[in-house]
Amino acid sequence: MRKAPLLRFTLASLALACSQALAGPSPYSTLIVFGDSLADAGQFPDLVGGTPGARFTNRDADGNFAPVSPMILGGRLGVAPGDLNPSTSVGIQPDGNNWAVGGYTTQQILDSITTTSETVIPPGNPNAGLVLRERPGYLANGLRADPNALYYLTGGGNDFLQGLVNSPADAVAAGARLAASAQALQQGGARYIMVWLLPDLGQTPNFSGTPQQNPLSLLSAAFNQSLISQLGQIDAQIIPLNIPLLLSEALASPSQFGLASDQNLVGTCYSGDSCVENPVYGINGTTPDPTKLLFNDSVHPTIAGQQLIADYAYSILAAPWELTLLPEMAHASLRAHQDELRNQWQTPWQAVGQWQAFVASGAQDLDFDGQHSAASGDGRGYNLTVGGSYRLNDAWRLGLAGGANRQKLEAGEQDSDYKLNSYMASAFAQYRQDRWWADAALTAGHLDYSDLKRTFALGVNDRSEKGDTDGEAWAMSGRLGYNLAADTSNWQLAPFISADYARVKVDGYDEKSGRSTALGFDDQERTSRRLGVGLLGSVQVLPSTRLFAEVAQEHEFEDDEQDVTMHLTSLPANDFTLTGYTPHSDLTRASLGVSHELVAGVHLRGNYNWRKSDELTQQGISVGVSVDF
């Protein structure tokens, strides 16, 4: 009767180990945790089950405790397993970076950072107040925080449970004390600090259905209002987690999160410890299964809740790894448009005083390999280009071109889907005199990000947040070359130098759902400045057919790591900036083409274009036809 539920829980408990093996990008050196029992990784000895350290979550069939959310999150970020150990445990060695201790109040959390960390038995338990182990606090004795680490902070519940919060003023003061811990970390050098909002204590088995439910819900809200206000004044990247809203969504639609939809999820629990054990999914129920329940005991979540919170935190951290690829999509569209112009420039010039019209269509493939702060992605694109040119004299040809490009990018672990429609217009000029030649183009474009769907794991299912936005693109490009062979030769070989400038702006936007996971993003700008050298060659293989080839090496001067400023749409006043994609400084590009004169003045051409940097590959094919008149 227990086999299937226990199997499900065993698989859930393996999430930590599996996530470490499959860890995605992470710009953080490690994860450092401060807080209370909601994040305690095993500070206290396990006096019942004999495991190295007790955690305030449910046990599996073998008696092992489920991981807490920072352990799961750290695994997904690729943090070393030893770093996820508790800091001051009696039984788990060596010491890790998780300083959270069950029973800690907001003052004790602050003390564990600035003065002394103690594993002390909390009030209400046998031997309350007994210190099992202590060590200097994280920043004690003048130590500094790791600026490249991610800090994880939760707390406040024990101020209520231990009778320290009895009024709105008490709740405001407790919220300010938790914010003081974030302030202390920032003053010590921390840059990235993730902070829980306090769950609604009225919506826990300990207080649900009691006269204290509504007052505690109001006091929890007062705590959070104070906390958010204080966090907004700290000069660091404070990443809030709207845990109350997340849990309310789980309670409103439990089946979407794999929870039982026919059970009282806030009035019952799994273990029966200081709460009513669920008769169906409780540990002694007819079908024991902690993944179907939100609470393990009177106030602590099961593995289902811990996984949900870890996924929520990861979805926020991972968002810029995908969203900073939006400007790169636009740059890819610009490059495809410029490639089409260069392809067209290889066709024979029309006679002086004549026009030449052309139309071309192509397809592109775009691949981003993962970086330490950017997701991998696979893109597909299609374009249509039309234009014309007029030959002024023997040396000059001027023209205009317009293009439409549709691009789709799948990025990240859950295949988020981003679509871009871009519309480009260019004016260009070509020059050739004796053996010298040159070309230049000015391009402007409108960007229509019509369907942006960010998808991520959230519990047992995926969730998507959607939005749309616009943008603009500007570019200038030029080449100067010298033909080594005379114009009358059947072959041409021309070394050249090139210069390119491009600027893309993606307007900020908010995802539309209004849920806990919905994010808002500020404007993004990405500029590219490149210089290059290359060789352009051609050979006349038949009287009406010519083959072309080009290879170039370019250096990108704008290769700084990109970032994006963002906020939870449910907490719009608290924004933060996180890092994302990093352009590479060296780029190789090459092209092959053939032009064939069908009849006098009508040319058919085909081209293949390829670009490669360390983690970016773009390639495309196109077919075009031009007509002189």
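Just so you know, glycine gets a Cβ as well, placed from its N, Cα and C.
Given the structure is predicted, the values throughout are model-derived calculations rather than measurements.
It is 436-445, from the ranges 216-225, 316-325, 436-445, that Swiss-Prot records as transmembrane segment. Placement of Gln414 and Glu615 with respect to the membrane, taken from Swiss-Prot, is on a common side. Which of 195-205, 382-392, 448-458 counts as transmembrane segment depends on Swiss-Prot, and there it is 382-392. Between the listed ranges 182-191, 252-261, 562-571, 602-611, Swiss-Prot ties the annotation transmembrane segment to 602-611. Check Swiss-Prot against the ranges 32-42, 65-75, 142-152, 395-405 and you find transmembrane segment recorded for 395-405. When the ranges 160-169, 240-249, 360-369, 620-629 are checked against Swiss-Prot, the one recorded as transmembrane segment is 620-629. Within the same chain, residues at least 6 positions away in sequence whose Cβ sits under 8 Å from that of Asp297 (active site) are Phe56, Pro205, Cys269, Tyr270, Ser271, Gly272, Asp273, Ser274, Cys275. Within its own chain, the topological domain 'Extracellular' (612-619) has Cβ neighbours under 8 Å at 328, 332, 335-336, 364-371, 374, 556, 583-584, 586-589, counting only residues six or more beyond its boundaries. Counted within 10 Å of its Cβ, the other Cβ atoms near His300 (active site) come to 27, all protein chains included. Within the topological domain 'Extracellular' (612-619), the DSSP-based counts of helix, strand and coil residues read 0 helix, 5 strand, 3 coil. Secondary structure counts, DSSP: the topological domain 'Extracellular' (406-421) has 0 helix, 12 strand, 4 coil.
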